Amino acid sequence: MKLGKVEFCHFLQLIALFLCFSGMSQAELSRSRSKPYFQSGRSRTKRSWVWNQFFVLEEYMGSDPLYVGKLHSDVDKGDGSIKYILSGEGASSIFIIDENTGDIHATKRLDREEQAYYTLRAQALDRLTNKPVEPESEFVIKIQDINDNEPKFLDGPYTAGVPEMSPVGTSVVQVTATDADDPTYGNSARVVYSILQGQPYFSVEPKTGVIKTALPNMDREAKDQYLLVIQAKDMVGQNGGLSGTTSVTVTLTDVNDNPPRFPRRSYQYNVPESLPVASVVARIKAADADIGANAEMEYKIVDGDGLGIFKISVDKETQEGIITIQKELDFEAKTSYTLRIEAANKDADPRFLSLGPFSDTTTVKIIVEDVDEPPVFSSPLYPMEVSEATQVGNIIGTVAAHDPDSSNSPVRYSIDRNTDLERYFNIDANSGVITTAKSLDRETNAIHNITVLAMESQNPSQVGRGYVAITILDINDNAPEFAMDYETTVCENAQPGQVIQKISAVDKDEPSNGHQFYFSLTTDATNNHNFSLKDNKDNTASILTRRNGFRRQEQSVYYLPIFIVDSGSPSLSSTNTLTIRVCDCDADGVAQTCNAEAYVLPAGLSTGALIAILACVLTLLVLILLIVTMRRRKKEPLIFDEERDIRENIVRYDDEGGGEEDTEAFDMAALRNLNVIRDTKTRRDVTPEIQFLSRPAFKSIPDNVIFREFIWERLKEADVDPGAPPYDSLQTYAFEGNGSVAESLSSLDSISSNSDQNYDYLSDWGPRFKRLADMYGTGQESLYS
């Protein structure tokens with residue numbers, strides 16, 4: 001017969017009660033009180049409480065209140081005169097007392113894990129007087145534990161790690177289960193551990209919960225993780241005990257127990273010879289089953305003919321060996337290289353050296369492929385020299401380039417004109433001879449840096465570049481001149497022999513031995529009585545006065561011509577003029593005032609020449625002003641003089657209609673007399689938008705005013721006339737002269753069907769008027785009807 005959990009708990013309760021009551025010596029204890037109790041004021045009687053030791057089983061599930069124990073006083077005679085009351089923790093709510101008998105019962109289910117004991121107070125009262133017959137006494141009701149809580153792993157699930165290849169018995173992790181039952185009573189809280197899943201790899205200590213390895217040489221590379229299930233069971237693991245489980249994930253951590261190995265014994269790679277230095281040729285990798293730091297590699301080239309051409313480094317992320325170029329490759333020099341490369345772990349574990357050497361080697365063969373390379377010059381830079389006096393077409397030097405490929409294609413030369421914009425030089429396309437194409441000037445450009453292009457004849461896209469530095473050698477082709485525009489002063493009170501100016505010269509040429517200049521006065525100025533020149537022999541000269549008594553009123557400016565010769569071969573010379581102004585000076589020789597009248601020494605311009613130049617300049621200015629004035633002159637407005645008549649003249653005017661053929665003279669008096677044109681013709685069936693005021697009488701006014709008034713009147717008539725042009729209508733004009741024989745061709749005349757005009761005569765005027773005759777001749781009337 002199987003018992004359920006509830007029945008099993010009741011069974012345990014009965015056993016516990018039996019043990020409790022059998023262990024008591026008749027279960028009742030008497031306690032004498034030394035405290036006296038007074039009755040009726042004078043007599044003293046000793047009283048004492050008597051009660052059971054109270055124990056209550058937890059988790060009582062019965063329908064009736066659970067009997068706890070009985071309170072009894074020596075005073076109680078059993079006649080009902082004593083009343084018992086209960087106070088303290090759980091009184092009335094959990095625990096009740098029979099006031100007549102003193103029996104205590106529990107009315108609710110108790111849980112020791114919530115509260116292990118209750119402290120209460122009991123008192124016996126006289127039922128009639130309701131006064132205490134015994135002092136209040138405190139007692140404890142202890143909750144008796146039963147095995148109603150299973151062990152629990154409060155820290156689970158667990159994760160742990162252990163190095164692979166660990167020996168048997170290596171500690172992995174400790175698990176701990178707790179049981180809420182009373183550890184001081186029975187075996188309800190005594191837990192033992194066992195492993196339900198994870199054997200035969202791991203084991204667990206039953207009492208401590210320490211998990212250990214159970215198999216040797218567990219290999220992470222074969223299996224790196226294990227899931228264990230650990231059980232904790234109370235009642236020392238006996239049947240009927242409660243249990244709890246947890247999971248433990250054990251990861252094998254890596255150790256360096258696998259040496260690196262290349263997947264292949266040899267590798268081969270093809271690279272073009274044009275691959276730049278530092279380019280990657282190949283990547284190789286030695287396999288290592290380990291991970292992390294145990295798989296870190298070191299690569300090196302241990303042998304081969306490419307030790308100085310290639311190098312190998314390691315990629316920290318992928319642990320690959322990277323082979324790169326250290327020097328330029330040349331197919332024509334060497335077509336292949338062989339490298340012996342070793343890979344080794346950075347840190348080897350001495351415990352596993354017996355597994356073999358923790359390094360491996362492989363062979364890498366690198367094949368250099370030929371590419372079509374541009375021509376190569378024999379020198380990276382060609383320095384050349386040429387005199388600036390050399391003739392056009394002279395040879396300066398020669399450059400040479402060749403095709404480095406095995407085909408050795410012929411080379412053609414040219415100059416990169418971006419480096420020779422002025423085209424000073426030419427080059428022979430076949431020989432590479434450089435010649436001058438223009439005259440050279442060192443003072444303009446002393447060094448020409450040009451780029452020569454060399455192209456293969458068979459493949460012009462392959463271009464090599466050579467650099468030529470042409471230095472222009474100097475010749476004496478520039479005359480010396482003043483270092484600056486000199487202008488000095490001489491005081492009126494200057495003494496003879498006084499130095500008034502020190503001059504120097506410059507020369508654009510650069511002789512190898514330096515400049516040497518010679519100064520003197522020109523032949524015309526040598527015999528002047530005012531100034532002299534002293535050559536200081538150090539490329540300078542001093543100007544001195546020959547006399548005293550200079551007067552500004554007599555001569556305010558002197559022009560002294562100075563002759564300068566250089567030391568070149570052949571030597572060159574120039575004449576430069578020094579301006580000397582006569583000034584009024586103070587006592588210290590500082591100039592105060594000077595004027596600008598000039599007295600020219602024999603070597604300068606004459607006074608007559610200066611006057612002639614000034615006259616020419618003045619005449620030119622007058623002509624320019626006259627031209628500007630003529631161009632800016634505006635036309636005067638047209639004003640008719642009353643005494644002037646324009647008859648017998650052709651008058652040009654604008655007309656929006658057809659032109660008038662009548663050029664016969666007419667009388668201006670008709671226009672001047674405005675009385676004949678004052679009747680404003682307005683349409684009676686249309687109310688004009690502009691109401692005209694009464695016009696005053698007109699006086700005699702100028703002709704231009706007459707024309708303006710006439711046009712203004714006609715403009716107002718047109719503004720108020722809805723039938724005004726662009727519609728054809730009859731217009732009234734002032735007298736314009738007598739009619740011509742050919743009659744008028746004005747477009748303003750009516751060509752309606754009511755017109756009596758006849759244009760048949762136009763056909764008699766010849767072919768020039770044929771088109772006009774077709775438009776206005778016979779038969780046209782129907783077109784306009």
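Every residue gets a Cβ built from N, Cα and C, even glycine.
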According to Swiss-Prot, one residue among N449, N738 carries the annotation N-linked glycosylation site; which one is it?
N449
For each of N449, N530, count the other CB atoms within 10 A of its CB; which of these glycosylation sites has the top count?
N530
In whole Å, how far is N530 (N-linked glycosylation site) from N449 (N-linked glycosylation site) when you measure between their Cα atoms?
54
Mind tallying the domain 'Cadherin 2' (154-262) by DSSP state, helix then strand then coil?
3 helix, 45 strand, 61 coil
